[in-house]
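Taken from TrEMBL as is:
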type     : residues  : note
DOMAIN   : B:20-439  : domain 'DUF112'
TRANSMEM : B:20-40   : transmembrane segment
TRANSMEM : B:47-69   : transmembrane segment
TRANSMEM : B:109-135 : transmembrane segment
TRANSMEM : B:147-165 : transmembrane segment
TRANSMEM : B:171-191 : transmembrane segment
TRANSMEM : B:203-223 : transmembrane segment
TRANSMEM : B:259-283 : transmembrane segment
TRANSMEM : B:322-343 : transmembrane segment
TRANSMEM : B:355-382 : transmembrane segment
TRANSMEM : B:389-408 : transmembrane segment
TRANSMEM : B:414-443 : transmembrane segment
TRANSMEM : B:464-488 : transmembrane segment
Amino acid sequence: MGRTSTFLLSAAAAVLAGATPAFSAWQPQKPIEFVATAGPGGGTDNLARAVQNIITKHKLTEQPIVVVNKGGGSGAEGYVYGKASAGDPHKVIFGTSNAWQQPLVSKVAFNYTDLTPIAAMAQDEFLLWVKQDAPYKTAGDYLKAAASGEFKMGGAQSKDTDEVLTRMIEKAGHIKLTYIPFKSGAETAVQLAGGHLDSHVNNPSESLGQWRGGTQRPLCVFSPKRLPQGAKVTATEGWSDVPTCIEQGLDIKQYEQPRTVWLPGKVTPDQAAFYVDLMKKVQATPEWKDYIEKTSQVDTFLTGAEFDKFIKEDLEHVKQVAGEQGWLVK
Amino acid sequence: MDNLQELLHGFTIAVTVPHLVLMVVGVLLGILVGVLPGLGAPNGVSLLLPLTFGMQPVSAIILLSSMYWGALFGGSVTSILFNIPGEPSSVATTFDGYPMARDGRPTTALATAFGSAAFGALVGVILITFLASWVAQVALAFGPPEYFAVYFLAFASFVGMGGAAPIKTVVALAIGFAIAAIGIDTVSGSVRLTMGVDELVKGVSFVVAVMGLFGIGELLVAVEEEFHARAVSSKIDWREVFRAVGRLPRHGVALLRSAAIGCWMGITPGGPTAASFMSYGIARRFSRRGRYFGTGEVEGIISPETADHAAGTSALLPMLSLGIPGSATAAVMMGGLMIWGLNPGPMLFVDQKDFVWGLIASMYVGNIVAVALVLLTVPVFAALMRIPFVVIAPLIVIICVVGAYSVSNSYLDVVMMLGFGIVGYLFKKLFYPLAPLVLAIVIGDKAEDAFRQSMLMSKGSLGIFFANKLVTCLIVAGIALLLLPLALQLARLWRKPASPATDTTSQEKVII
């Protein structure tokens, strides 16, 4: 009740003050806080800082923006903070599909329904990587080899996107993998380069340098079609030369991780609309294109019903895998 | 000598007027964030990062790395003067630095710390210059069992090392491990030990723990003893700065040993924190004046500082050549590299020669700039010690509260920090050692992750820790360090009946 009346009051105040055209756009009244649900230097942090930079450069809002990192507990710290900030439209939370996946498998004190979805921007693709000098050339070879010996698959975090994908590969390929969780994709890539693992399922940007440096190579991409043409990564190959996993007989059509943007719960539709619009403007800038290209992500923009549908579908899917593995909490 | 040529080329890039200006600006900003607790190098660098987007990558990395050097030096200032370490890696500096400063010799303590830090950094850069490719190979050999072995070695070099009863050290370690376990567990993905407090899911920040344990804990003891009620009448003497630096070569063995430990821990992914603790522990065992450690001993400052900076510097190499950041600050810089359009990894040394060698050359110049600037500031910082305790005490409380809050803008952190203050006070009163507690908080969960990853790989067999030469050597060295004090005592007991008149030194050692 208290909150509702505050909203009414502030809405009334805004109208009275005539600061904004009547009833239409809400505008932020104080500095905006971007909460990255990851430590400094990670993909989510990079996104938050890139968006901050673009907004500031193009003066897309009057208010200054600060980025804070709340990456503790695999991002749970940031989401819990978002939940606790209900009703505050000056906090924007940047995350991944973690927002709905994590509450399924760990007893964290939030759910994605505690937040207001704004948009999914930029999809990160997943690829199957092996060591450069591994004998197998295709995903088919890999599956055959993995069937006879127990392969070690590395990934970032436990019961998170990487492990979910690993379990899907096990099922689709009728093999058994030993999953070893590390803190980050970068760490996993180094472990593969050192020969301590047999494979991992890193995003393109997490292993780009390693591929170019000839320590590991991608076998296939978990996407319905090949990645868009871009600059060559190695002397002879670029991302578009990597076959899809389906082409190679590993039947996983699509697996990707969206970078997601949220407001705390209990904000007004006007306030949410302001940020949807803001993110759309960000996406139209050349700097955004540049960011997408440099981080080898796929440009995308899901909001409203489309975003909801995406979450529901992904949730169903993860629930199934998590259920089979016995990960579900409660 | 290809590397030498590349390095000279690098100098032509680094030693230009705009870059020298960037270095000075970076170092000064770094000292500032280093001295202000709760800010620290990682935060400082990430605040500065957006400003570098428009710059040339070389200029950007020179600015950021200079800030890092400055912050490393600045972090030692608060450790020595107020017993508040700004970075995990400067905790070990407080053990002897703070007693020496309280003893009326803040100038000596600061100058010694800066001098040996510069020496460590220099050794680190030289290593990077000449052994870049070899070093990258060594780092690759480190899988989870090797990681665990390195951490084990760090713990072993510190455990049972005198100062406190071994059982008290073990108790302190165990409490530290429990605190490190709070939050989400990497290996199982589940939430541990949050005791129903939702916010604890993020774990306990090192800064929060250390500000309480050292800053507030020390303050409580001081208030009780009324010992510090008067200001330290330290003479501010410029010549003492140079005299302290000039005396460093006398401790050549300690310097070299610490630099070697630092470089080793920087290349292998042990990192600066483990390096400084390990170096301090080993110095205490092997120094002739080891039993005076903790009361303001020069080598007690030299050892952790040299190792810290040697490790901090050489840790940049794995970041560049493998894309594996050795510290939180390196992680931020790596994020920067990606945004500037560079990909850390083995190809960086081939594709981006100007960038890599410009950076390495700037490490030489940047460290010289940094040490010159910090030595100039020594008298200013030392003068802080003249401020009466009644003024400084509330300031320390404010610094600790603000520092704890600014870690993640959380009130809970402030409460926890004060709680840690009480723990620190109790530890001091009951003669429990704080160092093992802090060491376990900082690298406890990394050691645990590495151990459990190894167990996953070997399906539960401990044999994995003896699976190859590298890991076997590390583990055996660790076990030897653990058993050494025990063996020495046994040997002494065995000798005792033969020569009942043992000299006082060995008797004191037995007590320790």
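From the backbone N, Cα and C atoms, a Cβ is placed for every residue, glycine too.
No curator has checked TrEMBL annotations; they are predicted automatically.
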Is the transmembrane segment (B:389-408) in contact with the transmembrane segment (B:171-191), using three or more Cβ pairs under 8 angstroms as the rule and ignoring pairs under 6 apart in sequence?
no
Verify whether three or more Cβ pairs under 8 angstroms connect the transmembrane segment (B:109-135) with the transmembrane segment (B:355-382), leaving out any pair fewer than 6 apart in sequence.
yes
Ranking B:109-135, B:389-408, B:464-488 by Cβ pairs under 8 Å to the transmembrane segment (B:20-40), which is first?
B:389-408
Range from B:109-135, B:203-223, B:414-443, B:464-488 with the greatest count of C-beta pairs under 8 A to the transmembrane segment (B:389-408)
B:203-223
Of the listed stretches B:109-135, B:203-223, B:464-488, which one has the most C-beta pairs under 8 A with the transmembrane segment (B:414-443)?
B:203-223
